[in-house]
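Database features (Swiss-Prot):
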BINDING   Lys17, Ser180, Asp181, Thr222, Gly223, Gly224, Met225, Thr226, Ser227, Lys228  ATP binding site
BINDING   Ser57, Asp144, Asn160  substrate binding site
Amino acid sequence: MIMTRKNILKAQRIVVKIGTSSLILPNGKINLSNIDELAFVLSDLNNKGYEVILVTSGAIGVGLNVLGMNKRPKGIADQQALASIGQVELMSLYTQMFRRYSQKVSQLLLTRDVTDFPTSRENPENALNALLALDIIPIINENDAIAVDEMDHQTKFGDNDKLGAIVSKLVHADLLIMLSDIDGLFDKNPTIYDDAKIFNEIHEITDELRQMAGGAGSRFGTGGMTSKLAAAQILFENDQEMVLTNGERIREIQQIIEGREIGTYFHQKF
């Protein structure tokens, strides 16, 4: 029996966050087929009347590809240079792919100091609302080329999972779909344990969940799940919802919006 997540059926304004692992192949090359498929699916949603915002990672990964480098440099200035180079190429790829489906896109690069304060926060909020009204799909990334935290001036979001949640909060999104390298949240690492079970729904971010998703000594042990729980917590505090799912199956986004039980659904109890 196919179950339906009925509350998702009401979603009209949707934020999709895609991570570097879904954009860059294991050999360091750009995953062109994934970007093309993403452009098709989001353009199709826009044609159907949904308001869509894309939060993307990948600037440094694409920068490495552009320069033919296979190792991320340790120096902050070198990483910023790569982000600057990669962001141009990344947006060029997105523009080309979306153009195939007659969809216009825009770019917005954010830093934490802009979204943390009510006065400055109004600017990206107003810009995003205006872009959506123009039938544009905004593409958002952190401004990695300039974002560096100092003692009294925080400019970095920390990761783009958090950025996806903050953007969802900013635009009062009905749903955040987070594309990852895993099918959802499991009770233990499914790449190691054959009996790992996926959580269909999560209603609260507990200390037990955080410990399970935490560092190298945890049962889970895969990087990035802690940041996804932190993003979910931001959404819970705003009475918003998120689905965590696999970025290798981008076409499932449509089924998720239709309420199909795919991935892990984070929402407060109805």
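Positions of Cβ are set from backbone N, Cα and C atoms, glycine also.
Distribution of Swiss-Prot features across the structure.
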residue : record                 : DSSP (3 states)
Lys17   : ATP binding site       : strand
Ser57   : substrate binding site : coil
Asp144  : substrate binding site : coil
Asn160  : substrate binding site : helix
Asp181  : ATP binding site       : coil
Met225  : ATP binding site       : helix
Distance, Ser57 (substrate binding site) to Ser227 (ATP binding site) (CA atoms, angstrom): 14
Cα separation, Lys17 (ATP binding site) to Asp144 (substrate binding site) (Å, whole number): 16
Sparsest-packed among the binding-site residues, when each Cβ's other Cβ atoms within 10 Å are tallied, from Lys17, Ser57, Asp144, Asp181, Met225: Asp181
Cα separation, Lys17 (ATP binding site) to Ser57 (substrate binding site) (Å, whole number): 8
Lowest local Cβ density (other Cβ within 10 Å) among binding-site residues: Asn160, Ser227: Ser227
Nearest-integer angstrom distance between the alpha carbons (Cα) of Met225 (ATP binding site) and Asn160 (substrate binding site): 12
Whole-number Å value for how far Asp181 (ATP binding site) lies from Asn160 (substrate binding site) (Cα to Cα): 14
